[in-house]
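If you look up TrEMBL, you'll see C113, H250, N280 marked as active site. Here TrEMBL flags 107-190 as domain 'Beta-ketoacyl-[acyl-carrier-protein] synthase III N-terminal'. Annotation comment: TrEMBL describes 235-323 as domain 'Beta-ketoacyl-[acyl-carrier-protein] synthase III C-terminal'. Taken from TrEMBL, the feature region 'ACP-binding' applies to 251-255.
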Amino acid sequence: MIRSVVRGIGSALPRRIMKNADFEGMVETSDEWIAQRTGIRQRHIAGDDETTASLGEAAARSALANAELTPDDIDLIVLATSTPNNTFPATAVEIQNRLGMRQGFAFDMQAVCSGFVYAVTTADLYIKGGLARRVLVIGAETFSRILDWTDRSTCVLFGDGAGALILEAAEGEGTIADRGILAASLRSDGTHRDKLYVDGGPSTTGTVGQLRMEGREVFKHAVGMITDVIEATFSQAGIGAADLDWFVPHQANKRIIDASAKKLGIDDDKVVITVDLHGNTSAASVPLALSVAAADGRIRRGDLVLLEAMGGGFTWGAVLLRW
Ligand code: ACO
């Protein structure tokens, strides 16, 4: 049996850090409101020379170094993003070019904040189907470019960044075969479209558009959707919350993360939180959180790790893997 095993992890953040207090002169808000309602304290914001492609490339290079591989070793790049550099070509192909890759193939996936979970699941199937042996899965975003900076209910929530994971085919019995992606569950439901969307696009307004969100409505659905898809993943793998070593959720709001963990019976000390440092980086949030927890030694080889995300569409999903 072929398994998709983690070979490396990396991340990249824009240079500029914007603290909650930096919004106080821009919109009617406060550090206290933002921190209490969301858990966010700061986020990174891309400068003029930083794009989804440049951040994605930097995260990819950091994952390749971590894996002790070169771009020549990669067969496929799957980039999860809702903020591509251009409508086309795919930003994944631009990253492929930036890495100097002349082999393999690359494409973008768009599932908003669930993008990375969708991309990992897709990469796993390409590996299991024999179309690729090593896949660079990237989540990279520059949401600062699609924010309405006069709307206090959205502009304080998001940040920019990128994370990358390298998955590799492993075969055979024994320890290596016990590692890798064990189960996944994906969902979407377009009836929720108007609760979270961008009010522009190439085929409608011909503009890039700005993010619009009914935050309270998103919040209302989030915990139920997240816990449903995680329970489906647990049941596929025949495990329960007590078996988990780490829960690495999408970092949108600490209150949503806490409520989901509580409903599922996951202990607080198994939950990886980076929303305080990065804000909501959409498709980059899960690989950024994974990268932080792997780098500081919390997530170790053999640990059972649960990834989860929910976002615009709505889309939502979970992935269970042994690191
Ligand atoms: N500063 C001060 N006051 C604010 C701010 C702000 N930045 N933003 C909103 N308010 C006000 C509102 O105007 C409202 O005032 P009112 O009572 O006078 O009308 C009050 O605060 C309460 O607003 P709510 O929206 O009810 O606040 P809530 O507690 O729901 O928190 C939040 C808002 C943080 C957006 C929350 O609803 C949330 O996190 N929702 C989920 C977002 C999410 O998870 N998105 C995930 C997917 S993201 C993706 O896919 C791209």
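Glycine is no exception: its Cβ is also placed from the backbone N, Cα and C atoms.
A map of TrEMBL features onto the structure.
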residue	record	Cβ within 10 Å
C113	active site	32
H250	active site	30
N280	active site	23
For the domain 'Beta-ketoacyl-[acyl-carrier-protein] synthase III N-terminal' (107-190), what is the mean per-residue pLDDT, to the nearest integer? 95
Between the Cα atoms of C113 (active site) and N280 (active site), what distance do you get, rounded to the nearest Å? 9
What DSSP reports for the domain 'Beta-ketoacyl-[acyl-carrier-protein] synthase III N-terminal' (107-190) is 30 helix, 34 strand, 20 coil
With a Cβ cut-off under 8 Å, give me the same-chain residues at least six positions beyond the ends of the region 'ACP-binding' (251-255) that come close to it. 37-40, 113, 157, 219, 222, 273-276, 278-281, 285-286, 288-289, 310-311
Between the Cα atoms of H250 (active site) and N280 (active site), find the distance and write it as a whole number of Å. 8
